[in-house]
Structures are given as structure tokens and as C-alpha cells.
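Per TrEMBL, the feature domain 'Class II Histidinyl-tRNA synthetase (HisRS)-like catalytic core' maps to 10-314. Per TrEMBL, L-histidine binding site is recorded for ASP79, MET80, THR81, ARG107, GLN121, GLU125, TYR267, TYR268.
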Amino acid sequence: MSWNRALPYGTRDKLFGESRQMTETAYKMMAFFYTKGYRQIETPTFEYKDVFSRGREEREQRLYQFFDDRGRTLALRPDMTLPIGRVVSTIGLKGPLKLTYSGKVFRVFDDYTGKNNEQMQTGIEIIGGDPLKAEVEAVATVIQSLQAVGLDDTTIEIGHAEIYQSLCRELGLDEEQRLHFASLLTSKSLSGIRAFAAEHPQEKAFLLELPRLFGETSLLTHVRGLTTSRSIHQAIDRIEALVYQLTLLGYGTALSVDLGMVQTFEYYTGVIFRGYATSSATEFLSGGRYDDLFQRFEGEKRAAVGVGVNLDEIVRLKQQHSEPTNKAIRTLIHYEEAAVVDALKRAQGPLNELSVCETVVESREYALEHGFQMLVICQKDGVTTESVEKGETS
């Protein structure tokens, strides 16, 4: 069987308006980040597998892998943060650094998830500086950038990586149990958590409530009584501090919390984020604090936080909620050879295009198919103008 007319699972073609909107959205977000002092960084689409693989993460990421001409294993990047961590560690860039990027990432998802294995991502990383100030800056900046591209109904969900990590340590979970626990939290499985809590009674009260501990930020006030874990109390303190600062800046209504949040990548060490539109349950934003990541590349531990935005999902949301506007008139100009000079003059106007079709009939069909409002026909004996929608001639 030949596969030359098929696409790999998790990939898709983007045509015309969607492709243009993707480019424009990425440009607008990057342009906004530039105004806030972020400097662009670009890394290779593929790197040595060692940059990305590390125990459990390697299995979860399910990398696209291949070999170079010397037999060394390469992988398409599954995210942008790890390559940036490599650059900062190996070159020895000094902080604080405010970095921005835009590019494709590749992750192998199961077919039933409906997720794209190839995604366009834009984001920011803040390396160094005061941790809380950097977190406030990251969340506020990404909310503002989404507003700059016309997405005003964003909800930023805040959690903390240490809640899940400390429970895994305190309950003595092995690798398989950790994966199972993460799956239960991600799916908010109440029955699964009940069975899990019965096996681990030392944190039973907190475990039973954990799948329900998401929503309004006000729920943080009564959580401490559910556990005696100092690590979890400190995590809640940090979430509260971040929520307080962002609320002072006017972003309180855009915030919610999820204490059972577990990110795909295990390099996160502190607060973690996810973003949704109020009209959609699909996550389009993720990130968090990852202070230990640089040690993977033999660098020093450094305060760092980042947020990545899935542009494919942003464009989809914008298309769903776009309202009809009074668009400028697009005009297609069909011409005979004898009228080429007149046609070229008319084509100099904004949104005026020369037709490459051979006949008037073909130009009419092309204009209708490609969204032109007017068709101008330049002939030796005169000029005719047609409304494409109505087919009227003047």
C-alpha cells in the first residue's frame, strides 16, 4: 500500500486563510513580547535525544526519533523549554533573561486524544530574577499577549508541581504507581482516587478531596486543614501569593486554581499554569517554574519560569468566535492582451489582483471560489465590472 496521498496521524494541512491567520497571530504575539523586553531565541527543530530523554519523561513524551549518518539518535523537539535550557547552560548566558520563541513542537499522542502531534507554539521564558516577580510577569504578559490577538476570555488555572511530587514521596510511590496516580488526577476520577486513597491511608483525607480542589481561588482558604504536609502548605502559600499579586494588577477574574494539576513534563518544580478559553475545555497554554532544569545540562540551579501557547488552538478559537466585519472589497481583474496596460494600472490599487485565468468564465469561477467581491473585465473595446456575489454587470 502506498502512503503518498496520506498524512501521518496527528498532522494536518493548513490552507489559505487558516495558514495566514496562523502567521499573523504568531507575528502579533511575538511583536507584543518584543515591546515588553523579550529577546528572540531559536533552536534546531531536532537535537540529540539526550536533550529530551530522562527516565519517565521519555516514555511520556514518546519522541519522534531517528538517526544521523553516524548512528547517533536524534529526536524532534517535544517542547521548547529543554532546548532553551541547553543553550543557556552551555553558553553561560547571565540573567535575568527574558526570552521569547516561536516554532513547531512534536509529541506523539494516542489517536483517540484528538490532539495534534505537530503543534505551533509561541511563548516566553524568564530566567533569573526574583521568583515571584517573574511568575507575575509571565502570567500577566501572556494574558496581555492573548488580548493583543483578540482573545479576551482567557482563564489561567494555577497549580503547584510540589503537591503531586510531595505526595509521591510521602506515599513512597514507585514509577508505575506515580504514573497511575498522575492519570487519576488528570482525569479527576473520584472512584479511582477512592481506591487509591484506601491503599494509602496516611493522606486519605487530602487524597479524597484532591480531585475536587479546583475552581475559584477562594477554595484555598480551607485546604490546609486537609493535610499536615509542610511541603503542600508551602505550595498553597505560594499559589496564594501569586494570586494576590495578579489580583492587585487586575487579573483576578481571569484566575482559577487546580491543586491536582499534573504537567506532562516532570522538570517543573514550583507553580504551574494551564490556560483555557471560557468557551472551550481544550487547553491552549501551559507552563510553570523549572529551577532544576539547568542541572540536567551540568549547569547551576537557576530560578526560571516559562509559558507556552499552542497557536493551532488559538487560531481555532478565533475562527469559532469571529464576528462578521465590513471587509474591504477584493477585486479580481481579468484582461485581454490588448488591454494589459489598463489592467496593470488597475492592479496597483489595494486588494486588486490580476487574474491568471485564460477565459472570463474561469475568472468568474476563480473569483467566486476565492472570496473576491468584484470582477473587472478589461477588453479592447471597454471595461466591464461585475459583482461576484450577484453576478450583476455594470
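Backbone N, Cα and C atoms are what each Cβ position is placed from, and that goes for glycine too.
Annotated features, which come from TrEMBL, shown on the structure.
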residue : record                   : DSSP class
ASP79   : L-histidine binding site : coil
ARG107  : L-histidine binding site : coil
GLN121  : L-histidine binding site : strand
TYR267  : L-histidine binding site : coil
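Averaged over the domain 'Class II Histidinyl-tRNA synthetase (HisRS)-like catalytic core' (10-314), the predicted model reaches a pLDDT of 93. Cβ-based crowding with a 10 Å cutoff singles out TYR268 as the top-ranked of the binding-site residues TYR267, TYR268.
A sphere of 10 angstroms centred on the C-beta of ARG107 (L-histidine binding site) encloses 20 other C-beta atoms. For GLN121 (L-histidine binding site), the count of additional Cβ atoms within 10 Å of its Cβ stands at 20 [all protein chains shown]. Residue pairs drawn from ASP79, MET80, THR81, ARG107, GLN121, GLU125, TYR267, TYR268, the listed L-histidine binders, are separated by up to 20 Å at the Cα level.
The Cβ of GLU125 (L-histidine binding site) lies under 8 Å from the Cβ of THR81, ILE84, LEU97, LYS98, LEU99, THR100, TYR101, ALA304, VAL305, GLY306, each of these being in the same chain and 6 or more residues away along the sequence. Counting every protein chain shown, 24 other Cβ atoms lie within 10 Å of the Cβ of THR81 (L-histidine binding site). Long-range neighbours of MET80 (L-histidine binding site) (same chain, six or more residues apart, CB within less than 8 Å of its CB): THR43, TYR101, GLY103, VAL105, GLN121, GLY123, GLY308.
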